[in-house]
């Protein structure tokens, strides 16, 4: 698949996206959650969850700190916000740390995909809670995406993700360097695609999207390069559109493998995970391009959110016909 053209790859992503059928019920096209959002950071989980919603998942949740939850609820009534997380200093006298963790972990049974990290921060209890979420997600076979301070978990506790083929890491250049250092990979040797492959292999086959002028996507055995045109403004928060897009595409991937519609194709899980990563990258880059064309140097992360659906139509396209079950 590494030698496939952009057109070929996006056609496969198209094949993985469910059509819109009357027979589907609420939740079948994706139940995703973003775990993050703390006192200081409320925008990131919102941007991620809204990208998931705008790309078409049925149910988009945010699991966050109460202080963040009250704010995020005012951003959009379309998101389901659960203030179950706690920063260490905000644990109430009548609250038990283990019960806080278990309440978050209990949400997993309702979800198809989890994004961990947007607005999370590095508070120990927040990090420890997410560590337990990762362990339980692996047990249940739930795909997850790590970004921002979720990547700090992969850096400081690599055993949490080692060997997990249902995990996507989305580091920028600085975060990539930290992960490489944690795994003893020399970032000064080799070209970017080789380094991405080497780091993915060092983590035992996780999928890494190394964000940059080009996005390098690798699981250690195959590498894809996403180099569609993006915008020139590097405002913070654009990576949250990527994580949200990945979440919905991973949910569509589950629908594909569950065969909730007759798609007539038979791609392997390793291939569809790579395709979800590639599709998410392409959609995000298209969002950036569209938003930059409209806003120029004033572009902010929120501007990408409004272009998610158009980017999907431009890059992947809607099903022209709705096949029968």
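Glycine residues also receive a Cβ, built from the backbone N, Cα and C atoms like all the rest.
DSSP assigns residue 175 ((6S)-NADPHX binding site) to a helix in the three-state reduction. The (6S)-NADPHX binding site annotation in Swiss-Prot covers 119, 172, 173, 174, 175, 176, 177, 178, 240.
The ATP binding site annotation in Swiss-Prot covers 211-215, 230-239 and is backed by sequence analysis. Under the three-state DSSP scheme, residue 235 (ATP binding site) falls in the coil class.
The domain 'YjeF C-terminal' annotation in Swiss-Prot covers 9-315.
Long-range C-beta contacts of residue 235 (ATP binding site), restricted to its own chain and to partners at least six residues apart, with a cutoff below 8 Å, comprise 299, 300, 301. Every protein chain considered, the tally of other Cβ atoms within 10 Å of the Cβ of residue 213 (ATP binding site) stands at 8.
Note on proximity: among 119, 173, 175, 240, the binding-site residues of the record, the Cα nearest residue 213 (ATP binding site) is that of 173.
Separation of the C-alpha atoms of residue 173 ((6S)-NADPHX binding site) and residue 211 (ATP binding site): 7 Å, rounded to the nearest whole number.
In the shown protein chains, 31 other C-beta atoms lie within 10 A of the C-beta of residue 240 ((6S)-NADPHX binding site).
On the backbone, the CA of residue 239 (ATP binding site) and the CA of residue 119 ((6S)-NADPHX binding site) stand 12 Å apart. Less than 8 angstroms from the CB of residue 215 (ATP binding site) sit 209, 225, 226, 227, 281, 285, each of them six or more residues away in the same chain.
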